[in-house]
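Pulled from TrEMBL:
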type	residues	note
BINDING	B:T106, B:S107, B:F138, B:P139, B:T140, B:D141, B:D207, B:H210, B:Y232, B:W262, B:T288	pyridoxal 5'-phosphate binding site
MOD_RES	B:K233	N6-(pyridoxal phosphate)lysine
Protein chains: 2
Amino acid sequence: MSELMARAGALDAADELAGARKQFVLDTVSDHAADAAGVYLDGNSLGALPANVPAHVEDVVRRQWGELRIRSWDESGWWTAPERIGDRIAPLVGAAPGQIVVGDSTSVNVFKAVVAAVRMAESAGTGRDEILVDATTFPTDGYIAESAARMTGRTLRPVTPAEVPGALSDRTAAVLLNHVDYRTGRLHDLPSLTAAVHAAGALAVWDLCHSAGALPVGLDEHGVDLAVGCTYKYLNGGPGSPAYLYVRRDLQDRFDSPLPGWNSHTEPFGMRPAYEPASGAPRGRVGTPDILSMLALEAALEVWDGVSIDAVRAKSLALTDFFLECVGAYVGEGRVESLTPVAHAERGSQVALRCEGAGEVMKRLIERGVVGDFRHPDVLRFGFTPLYVGFADAERAARVLGEVLTGEVLSGEAPC
Amino acid sequence: MSELMARAGALDAADELAGARKQFVLDTVSDHAADAAGVYLDGNSLGALPANVPAHVEDVVRRQWGELRIRSWDESGWWTAPERIGDRIAPLVGAAPGQIVVGDSTSVNVFKAVVAAVRMAESAGTGRDEILVDATTFPTDGYIAESAARMTGRTLRPVTPAEVPGALSDRTAAVLLNHVDYRTGRLHDLPSLTAAVHAAGALAVWDLCHSAGALPVGLDEHGVDLAVGCTYKYLNGGPGSPAYLYVRRDLQDRFDSPLPGWNSHTEPFGMRPAYEPASGAPRGRVGTPDILSMLALEAALEVWDGVSIDAVRAKSLALTDFFLECVGAYVGEGRVESLTPVAHAERGSQVALRCEGAGEVMKRLIERGVVGDFRHPDVLRFGFTPLYVGFADAERAARVLGEVLTGEVLSGEAPC
């Protein structure tokens, strides 16, 4: 056994979060044999299945829908699920209750948040005609921000997060930023950027897709105005599970939604012709919530009971440190280049390696049971989800990567 | 046995759709005993559970998500589900393939459709500054249309469907109408209203929530421009299952979405900073589809295999005719007033009865196992879903209503 393998074993033995792995369905035997003993490093794209979810979904389908039917809107708590589940996400992103509502996709929530932020800036009485958007952001945020700008008569200006402080002015209405760069895994400085945005009199909207559940966010502490995020990555809500919207409590009365659906009415069943928005988080709702996906998410969030997000962050950094060390040891000089910052303060919970022929390399990794993903044109992404990824997984992934890149195959392991 | 009970038995025996009922989970024993032998007349709010759905959802959760994980986006057909399921809905609303995409809520789709319609009218080069909206519509359509008007600089003008022909002018950009009035069950004349809208040079957007799956719609035949609908009523997709958007084929290239999320990009995984819309139905997509709800819907749609929507319509009208006849026989003169048109051409698939103390009456009906719903302030709604409601159900519902209104209790039946 190599020194790195021995170190991995010791690190796993000392890991206070190691017990969380048993709450997930992993190590399953599928028709794709190589996956059976695989290393799943794509939880930053789709989180693994929490073990309690299947039985819960079955109850939702068979009993709540199949037997109680329409009564479940009240009796099974369907109607209040968006706020209730929002309150369950809240502590994971440093928010007090009553400020997060779950529903719709991230893209739809970006639209709500950016338009609402522009309107809040407008209601302050200034002539703020510019929206800044993270030029390195996941593309949908840029597309949607462009639409929000067009529909509110603002100009959209893409800048890198580093350029934001210099780009802010009294023309800035709102700034949309990603907490972690989806491609490189770079963590942006939410506290100082938010403070800079506020100093310029603008509103800060943060996309937490790649940070929530992986590291502390501190929405309330840092005075973030609005935030959105998905729930199918580090929150393990399932494929396409609903996203969420955070509106800081003291801004909620000024949240003027571009999507004022009946679910956000102060009296939804009054069926009134005139719209009158609800107070609080429900003002961010739109249409009927998709209950199956939403209640699967609610069950999935139970894995966080008793888990400290600081412990998650500590393990995440230790995992990515160790993985980078193993890559250094196993992968020949110059074969890959890490795009992920070395400094902990600038690192999310993934490692991105630039690699020639990355698409083909990732295919071979997956054949060998190491599941990451490929991002065009030349990036290998490896996501580290501290609740179910261990140090032996990190060592093995780096080792298999080294083998794939040298064309070797580990003895005793069939190449798929 | 009364004459009406005998007639109900004969009608059920001759019903060519009677066999469809066994494809649904009904007559379940729940903790609410009275429901066990109940009559479910609320399928116009939440359709009953198709019997094949639970096993399919379990496979989606346990195998597709739990074992295949990220690979399911390709291998389990997750990515293409929105268009594939759209094509499955298409024949039910008279649409050729390639024009319907599933996703988001009805409210969000109303926003896409109305904004896109206004932009299409604008691109025609005229100064059309007015949107007409059905003043009797389900409230969310009006709220969302108001936002669409505000964000496109148009004026929203609520009119009843009957007033539409007189309200149309060269100022009209788009008209948003409901096919069936959610409260009264009145069916509006889609062919002639669409023709009138077109004669005025405007675009017609139809909301099919209360008609799709209950009667022929004929979107293509009647040249409807855009349409939206939910899937949890007569389509039985489950609570909050995703809605759909229809864009007529020859308008798709001009569909300019206010919600241009990455899923609607011509190359979603190119991760390009500039938005370039996809061709065809996928242009109506926004964010990541909610797979659990969406694939439950896909399984639910299997009950339509081999079912003629004309046969559904014929049975629906026979059911509502028979129910009204039974109400006439069992309910004392003047106790209820039907808001649902007598003429078949003006009737959807529900019966709405105005009734003093309707809220309390509905409570007592539900206690007796007859599940309809109450709409503020004084309406009892009874939805007739021809795939699983029979004539004996209609007779029993009317009989129990008569008993509840006279305070009598049928011998042999405990009043819960």
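A Cβ is built for glycine as well, from the same backbone N, Cα and C atoms used for every other residue.
Heads up, TrEMBL stuff is auto-annotated, nobody curated it.
Overlay of TrEMBL annotations on the structure.
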residue: B:T106; record: pyridoxal 5'-phosphate binding site; Cβ contacts under 8 Å, 6 or more apart: B:T140, B:D207, B:C209, B:V228, B:G229, B:C230, B:A243
residue: B:F138; record: pyridoxal 5'-phosphate binding site; Cβ contacts under 8 Å, 6 or more apart: B:N178, B:Y182, B:D207, B:C209
residue: B:Y232; record: pyridoxal 5'-phosphate binding site; Cβ contacts under 8 Å, 6 or more apart: B:L46, B:G47, B:G238, B:P239, B:G240, B:S241
residue: B:K233; record: N6-(pyridoxal phosphate)lysine; Cβ contacts under 8 Å, 6 or more apart: B:G43, B:N44, B:S45, B:L46, B:G47, B:C209, B:H210, B:A212, B:G213, B:G383
residue: B:T288; record: pyridoxal 5'-phosphate binding site; Cβ contacts under 8 Å, 6 or more apart: B:N263
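A distance below 8 A between C-beta atoms marks B:T106, B:T140, B:Y232, B:T288 as the binding-site residues from B:T106, B:T140, B:D207, B:Y232, B:T288 lying next to chain A. The number of other CB atoms found within 10 A of the CB of B:D207 (pyridoxal 5'-phosphate binding site), across every protein chain shown, is 27. Secondary structure at the residue listed as 'N6-(pyridoxal phosphate)lysine', taken from DSSP and collapsed to helix, strand or coil, is coil. Secondary structure at B:D207 (pyridoxal 5'-phosphate binding site), as computed by DSSP, is strand. B:T106 (pyridoxal 5'-phosphate binding site) falls within a helical segment according to DSSP.
The maximum pairwise C-alpha distance among B:T106, B:S107, B:F138, B:P139, B:T140, B:D141, B:D207, B:H210, B:Y232, B:W262, B:T288, the residues recorded as binding pyridoxal 5'-phosphate, is 30 Å.
There are 27 other CB atoms within 10 A of the CB of B:T140 (pyridoxal 5'-phosphate binding site), with all protein chains counted.
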